[in-house]
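J.: From TrEMBL, here are the annotated features:
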REGION    A:1-21  region 'Disordered'
TRANSMEM  A:30-49  transmembrane segment
TRANSMEM  A:55-74  transmembrane segment
TRANSMEM  A:81-98  transmembrane segment
TRANSMEM  A:110-134  transmembrane segment
TRANSMEM  A:141-158  transmembrane segment
TRANSMEM  A:205-223  transmembrane segment
TRANSMEM  A:253-274  transmembrane segment
TRANSMEM  A:286-303  transmembrane segment
TRANSMEM  A:310-329  transmembrane segment
TRANSMEM  A:349-373  transmembrane segment
């Protein structure tokens, strides 16, 4: 999927640039045609792509949605956050509690799944906004480390409240999304297109592609609109923003709310991706909602280029896609997995080394990340 | 009463370890304005060298090599990476050190593998001293003694030596210091060397049974992470604040572990930091940043 959706990434990604000129009617028609083509491609992908690759791409899209939220927070609003994995946890837990019925001693409200999804995103946004007393007072690195405390807090709360978040050993299960009788987890109603049975992987791919697309369009609107201008004003100079009538505290709260909402949606997608399993982490520094994930998201947005939405998708493909795609590509080829002294270079190790190195190289040589590289390539073509 | 004394002793012992880490962190920040997220990895790297050389050189030789190696790695990071990105924003440089941290942490963890957890506190691992009805464990006692000597030495050098003068001058005003003939790169490189060395010394006390539990060196990176809240709550620009922050973090951790539970201890550290930051956004003793419009 990374190819399909990142096709829009090399387009102009205005970073500090504000206000777009009116689009020529022919260009706008072309743009609609492009979106239509993209929708058709995304619709057809699950029919031709094997199931394992669909699993990889749905995971990448989970990362992409979360990373888009973080790139707006860090790149557009200038607020360093290491708390993204905490908001994933908030979204996942909220969805699970709202949608599942309270059996086996778990807390559950048994609401319709679509409503639960919306409410989970809203709750994550509210939690993000509730961080305002801290985010409004701190900036830069102080804010980054302060936000890290949320990850620790979430980790501890999830451990001591097993009736809400499930136990660390076995977790708890949430329901699949059921939209007007169409279930995205199971095969009811059964469906086959061009002779290909549309199972769970195919359904999740459609769902995730649609969610990623919606998330992208909403983010695009926010970044290009009034909200985005206010964020950039705060990022560039808080005092100047205040003088111009931008409420710094409110914009910071908004940025945290929006990024929290995106992370919350990504958190729900994580739960679906694990077949509805929600399981808190054993340790605070490794697991689904750990500091390692918070740093992985940071790596995504840095690799993609801070503030760039298309870049966030590319970053997600690099950081979340690589560890899953390496074993698929090297299947049956034992020489592809290097080993040394008994401790092997597993796909996860390779990915960590690669994205660590990428982060270093990008800060040193191309602070704009992949987005800047894409812009440069695009510029070469348009200017001849 | 003896429980309370025990909490104080544990807290002070661990606080001394955090103070060593946080002090290096603050020295690096003062000289380069870079938040070194790779600090835990510097410590881990030093610890790994000690672990690797211990069978051949013995504990003392290996410890010496580990400290030197971590200092050298610090200088390497500063000279090769940071010195070549002078124009980058300091937040970008902090992100760069996160990249470095990921690389070192991944590689050292891979090398350590899943083999038995290495411990580095050979000479004092089994020492126990009774004190007012409580016992202080060897690693914590020796950490405290080492920290008192080293931190005391640092403050004397910082206040009275030429090196301390150049460092204070540079953190006050970089351009003016350069015009006065202070070689900027020497100051920054020495700060990174000092930070690396202090981190590697701290790891000698972290990778022990009483401090790291059964996981030994493999848990060290996570434990060293508590030096961030220590440095932040003390105020990033203040070496004295780092020491106070280290003690606050150590005491918060040990009392939370005693009176609530072990998991909460890790969280308590961050909650204390959050409360301090909400009250004083630049930490307890940090310089309030002046922003020019």
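Here, residue 1 is simply the first one shown, and the rest follow in order.
Each residue, glycine too, has its Cβ placed from N, Cα and C.
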J.: For the transmembrane segment (A:205-223), could you work out the same-chain residues 6 or more beyond its ends whose Cβ comes under 8 Å from its Cβ atoms?
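T.: Same-chain contacts beyond the flanks: 1, 5, 8, 14, 38-39, 42-43, 45-46, 49, 54, 57-58, 61-62, 64-65, 68-69, 72, 76, 177, 184, 231, 258, 262, 265, 269, 272, 307, 309, 313.
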J.: Does the transmembrane segment (A:253-274) reach the transmembrane segment (A:349-373), going by 3 or more CB pairs under 8 Å (6 or more apart in sequence)?
T.: no
J.: Thinking of Cβ pairs under 8 Å, which stretch from A:55-74, A:81-98, A:310-329 has the most of them with the transmembrane segment (A:141-158)?
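T.: Looking at each of A:55-74, A:81-98, A:310-329 in turn, the most contacts to the transmembrane segment (A:141-158) are made by A:81-98.
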J.: Sequence-remote contacts (6 or more beyond its ends) of the transmembrane segment (A:310-329), Cβ cut-off under 8 Å?
T.: 2, 5-6, 8-11, 13, 52-53, 55-57, 59-64, 66-68, 70-71, 212, 216, 296-297, 299-304, 336, 347-348, 350-351, 354-355, 358, 369-371, 374
